[in-house]
Amino acid sequence: MKALAARRHHRAAPVVLLLLALLVTGGLYAVLAPSPATAETASTATDVEEGKRLFQANCATCHGPNAEGSPEAPSLVGVGAASVDFQVSTGRMPMQMTGPQAAEKPPQMDPEQTAQLAAYVASLGAGPAIPTDEQVDAALGDSANGALLFRTNCAMCHNAVGAGGALSEGKWAPPLYDVSERNIYQAMLTGPQSMPVFNDANLNPEEKRDIITYLVEQREGSAGGLSLGSLGPVSEGLWAWVVGLGLMIGAAVWIGAKSS
Amino acid sequence: MSTDTSPSSTVEPPTTPAGKAADYLDQRTGVGVAVKEFARKVFPDHWSFMLGEMALFSFVVLLLTGVFLTMFFDPSMALIEYHGAGPESMQGQLMSVAFASTLDLSFEVRGGLLMRQIHHWAALVFMASIVVHMMRVFFTGAFRKPREINWLVGTVLMILGLAAGFSGYSLPDDVLSGNGLRITDGVVKSIPVIGSYTSYFLFGGEFPGEHIIPRLFTVHILLVPALILVLIGVHLFLMVLHKHTQYPGGGRTDKNVVGYPLFPVYIAKMGGNFFIVFGILALMGATMSINNVWNYGPYDPSPVGAGAQPDWYMLFLEGSLRLMPGYATEWVIFGYTLSLNVLIPAVVIPGLLFTFLFVYPFIEARVTGDKREHHVLDRPRNVPARTGLGVAFLTAFIILALAGSNDLIATHFGMSLNQITWAFRILFFAGPVFAYWVTKRICLGLQRKDRELVLHGHETGRIVRFANGEYIEVHRPLDDQERWLRVNYDAHRPLEIEPATDARGVKRPGYQKDKQWQKLSRFFFEDRVEPVTPAELAAAHAHGEHDEIEAAPRSPELVSGTENADREQ
Amino acid sequence: MSANQNPHPGQEVTATSSTSPERFEDPGVPAHKPRLTDTDPQAARRNERIVTIIFAISCLGAIASLVAYFAVRPDGTTEGTRLSTALLGVTMAISLLGIGVGAIHWAKSLMSDHEHVDERHELASPPEVRAVAVQHLADGAEDSGIARRGVLKGAAVSALALFPLTFAVPLISSVGGDWDVSKFRHTIWERNRRLAYDPSGRLIKASDLTVGSVAHVIPEASQEEMRSHEWITEKAKAVVLLVRLNPEDLRSDQSPEGETWSYDGIVAYSKICTHVGCPVALYEQQTHHLLCPCHQSTFDMADGAKVVFGPANRPLPQLPITVDDEGYLMAQDDFAEPVGPSYWERLK
């Protein structure tokens, strides 16, 4: 009992308690936070009308009143619903500020508004449609073929397991761990920003799904333990110095210190 | 001590089993002499003396885990379609047997992945501890006579470590290391005259061919480790022969060594350190994944991943390749192509870095003109030029390594890759110069601080008021040990040379050369802080305990060029 | 230099090391401070117990490692392998660290910490020993008569110099294969060879490519052909990157005759970097820039793949392409220059 009481007054006790409290709060938030609703696909004439209204209010400043484009922003005629859904549901559009590249941020439109915008833009000209749930179902794909295709077509920008990478002049290829299957498919199909287009002749719909399966499989983490960001030898080297050399030099200082 | 088990019949025969065994052995090997010599050999104690041990012990771990891996690894480039216990994404893929056996030893052999990860972590830590060990030796001047040869042996060991690491990194035949080999091929091809043939020499034909993995395997498990083992033997033999250096302190001189006996204290500490190093590596192998080759996939010449980098110890080369601008650096001379954009960063710059390491001890010996043996280490502050040069060298190395990681810096700090590259291009030249200057100033500052302490003692915070109304702070003089640490060093002076002509006006041969050395020597020792002499201390005391430091515009302790004889009055 | 300050003014090249006429006295090895365990037998016993417990923990770690080995079999999943690796490794670390920490704590707290002093001896051998050594060498040289027998010396040196060739010549002549470095000059691209997607091998129609799209391309080949080392070595030179630009964005081809090497805004360039040979593959469709992930050379695909940044010096070689009757893309010819990094005989 006495020993227990002594332990409770340990120097590190407040720190440990604080860490525990943070962990519990974070964990509870993760469990209880509302999960994002899934996108709806059916579109009607009223959707197009509503979408047009949203477009005039949020997008027309840059893309022009009829989405015909301007010196600052491309024309959206013919980009298709897939492109709009990708840009808006990942929060890239409406854009916060001009920069090397539109960054991902919390979406500004709810799923219904996104669908309405997509319906409006799709009505302006034929373009890639939003993929069906079956087209992006990771359970139906072949991850081995996905790995092969990802390596040749995607890994040079997005890293071998989709951890992201740098492009020139401050642009970057984002990490793919948290990107929804639907958005991955749409990105390949429409080639947002710096990304090239992988149309269905280049990567057919099954091949796109295989890539999604491969990427979803990577979310299990590494078989060897902590993944260290899957960034390759640089992060490994950094950890070798910090953890390996750090612990060993710590031990050496203890070995060399005089006992009291 | 049971060393008196000599064969002469006058000694009583041993009775205990250990005694009998020792007697048996001694009669056949004379091991008693060695035990007498080494059992109580004294080793000085300091944490920084464990850094070399860390390198040695990680090498032992590399040998142990390496043996485990060779039992299951098959260095063949034959192509197969993989079906095994590896990840789903590898099933049915075309790959070399080397890659497939890497998957098998990771996923089928229980504990295999652990051994592979320990092996790779040990390799990274091996190189890191070699670098830190070299830093300790450099900054404390442990390379001085009689240890210059051992410094060379150590530098060669470091280079062999690079070779061992690079050859091992390439063995699994994955996309990442395959691109590393491809870069090697590109660098080799840039060598004038023999480049193309050297490439054929390495790959047995055109890159990648079907020979490189078996060849690297032989290099990795036989050639390089054998050389490393031999040189470690030489390194340790010389260490024992010279007896270990020691840090300065009371009773430590160039004629003795103060510390604890090998048996039992150092046996326990060294042995214990081996298990700690091994334990830490096992912990890393258990919890932190490293080089997941199944992420990169089997080698195929078409793909490459973002973050294509070598292990950290080769990053400086990668960085130097990245920094070199390509504009106007490819010259065609009589129809032959000279690619300076590859030769300069991949051959000239590492050449310069390694040359600095190889020649530094001899340069320093020449500019000090010091021919004595040194066994008491320098405090880095007491040799400001050397410490500055060391820090400048490290700065260049670190800038190159960071430049080799510029894409990760760009993504993690939201910066432009191109701007980072430009910044590093400038920093590579400006950084070392600035680092040298700052380090030297810090060293001189610390030396002056030492002088101040010796002359005026510690501030006690106790304020005393005299009868005449004067307030002073009482200073407590340093004790003998504290003072000795701060006054026991040599402040080398620049070389002095004979005049250009002798008394009869005849030109002296070799004068120009001497003058060059004198110039270099001035660079080293022009600015220096002399240690306090007893006379100075006595003078300071004569001023009274409360003597404050004069705020002279140019501190009199810092001597430039010649001895400033008229010290503070 | 003020020579009067120099204690050895007569010496030719001198360094002065001891500047002050008198120096401080070495106070000697500091007095031994007894540890708690030296003075308090109870503390010594306590530390003995601690060391014993640490060694016992090490034993338990070793046993736990065996248990983990036999009890936790990886089930083939990522999770299973991770668990097995972690258990084996952590228990192994406990057994190792236990020994290490125990031994060191033992040494620090219980073994004597009185400092010992060993004398050092000068490393150089004493003059009389040196004299004998020199005499031995002289005697040996005299015995052999090496100084007198010049021809014999020459023969011996020649023999020693020649014998390594018996080893080196067979090795070097075989180790480089056929040593035919002219292979660097050619790839398997030839007139009418069609372009195919990497890695699927599907053929590419010009109409398949939309503006802003990129295709990683290999030469058309059978599946059999593609499963060999010869193919991998050829592929290492032949990979091509195909992009379609707006024809008005396309500023130039590399072709001297103008736009004869591209087809309707479709251009094909070697994917092998002219710097050190990495596959250049990061295509940014908005700027038409192609970035190499290895050393960040950047090429402008709209402008003859000229270098716009980084360590590469030359543009990427262009593959001249056209379409066949069925609309499939095919090569007009091999590359006009060697692909990949520069080498000495590149232009010969």
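Using N, Cα and C of the backbone, Cβ positions are placed for all residues, glycine too.
The compositional bias 'Low complexity' annotation in TrEMBL covers B:1-13.
Among the features that TrEMBL reports, compositional bias 'Basic and acidic residues' is placed at B:542-551.
According to TrEMBL, the feature domain 'Cytochrome b/b6 N-terminal region profile' maps to B:21-248.
Residues or ranges marked as domain 'Cytochrome b/b6 C-terminal region profile' by TrEMBL: B:249-445.
Positions annotated as region 'Disordered' by TrEMBL: B:1-22 (among others).
As annotated by TrEMBL, region 'Disordered' applies to B:536-569 (among others).
According to TrEMBL, the feature transmembrane segment maps to B:49-73 (among others). For the transmembrane segment (B:49-73), same-chain residues at least 6 beyond its ends with a Cβ under 8 Å from one of its own Cβ atoms are 43, 98, 101-102, 104-105, 109, 112, 115-116, 118-119, 122-123, 125-126, 129-130, 132-133, 136, 171, 221, 225, 228, 232, 236, 244, 270, 273-274, 277-278, 281.
Remote same-chain partners of the transmembrane segment (B:118-139), defined as residues 6 or more beyond its termini with a Cβ less than 8 Å from a stretch Cβ, comprise 48, 51-52, 54-55, 58-59, 61-62, 65-66, 68-69, 151, 154-155, 157-158, 161-162, 164-165, 168, 277, 281-282, 284-285, 288, 290-291, 311-313, 357, 360, 380, 386-387, 390, 394. For B:118-139 (among others), the entry in TrEMBL reads transmembrane segment.
Residues or ranges marked as transmembrane segment by TrEMBL: B:151-171 (among others). Sequence-distant contacts of the transmembrane segment (B:151-171), counting only residues of its own chain at least 6 positions beyond either end whose CB sits under 8 Å from a CB of the stretch, comprise 73, 75, 98, 102, 119, 123, 126-127, 130-131, 133-134, 137, 143, 177-178, 180-181, 212-213, 216-217, 219-220, 224-225, 227-228, 231-232, 234-235, 238, 291, 310-311, 313-314, 354, 357-358, 361.
Sequence-distant contacts of the transmembrane segment (B:217-241) (same chain, at least 6 residues past either end, Cβ-Cβ under 8 Å): 38, 41, 56, 59, 63, 66, 70, 75, 147, 149-150, 153-154, 156-157, 160-161, 163-164, 167-168, 171. According to TrEMBL, the transmembrane segment annotation covers B:217-241 (among others).
Residues 38-43, 50, 53-54, 57-58, 60-61, 114-119, 121-122, 125 of the same chain lie 6+ residues outside the transmembrane segment (B:262-286) yet bring a C-beta within less than 8 angstroms of a C-beta in it. As annotated by TrEMBL, transmembrane segment applies to B:262-286 (among others).
With a threshold of 8 Å between CB atoms, the same-chain residues lying at least 6 positions outside the transmembrane segment (B:342-363) that come near it are 134, 138, 143-144, 148, 151-152, 155, 158-159, 186-187, 190-192, 316-317, 320-321, 323-324, 329, 389, 393, 396-397, 400, 520. According to TrEMBL, the feature transmembrane segment maps to B:342-363 (among others).
If you look up TrEMBL, you'll see B:383-402 (among others) marked as transmembrane segment. The list of residues near the transmembrane segment (B:383-402) in space but at least 6 beyond its ends in sequence, with Cβ under 8 angstroms from a Cβ of it, reads 135, 138-139, 141, 312, 315-317, 319-320, 323, 349, 353, 356, 360, 364, 409, 424, 427-428, 431-433, 435-437, 439-440, 443-444, 447, 492, 523-525, 527-528.
Look at TrEMBL and you will find B:422-439 (among others) tagged as transmembrane segment. Counting same-chain residues at least six beyond the ends of the transmembrane segment (B:422-439), those with a Cβ under 8 angstroms from any Cβ of the stretch are 319, 323, 325, 384, 387-389, 391-396, 399-400, 402-403, 406.
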- Find the average pLDDT over the domain 'Cytochrome b/b6 C-terminal region profile' (B:249-445) in the predicted model and report it. 95
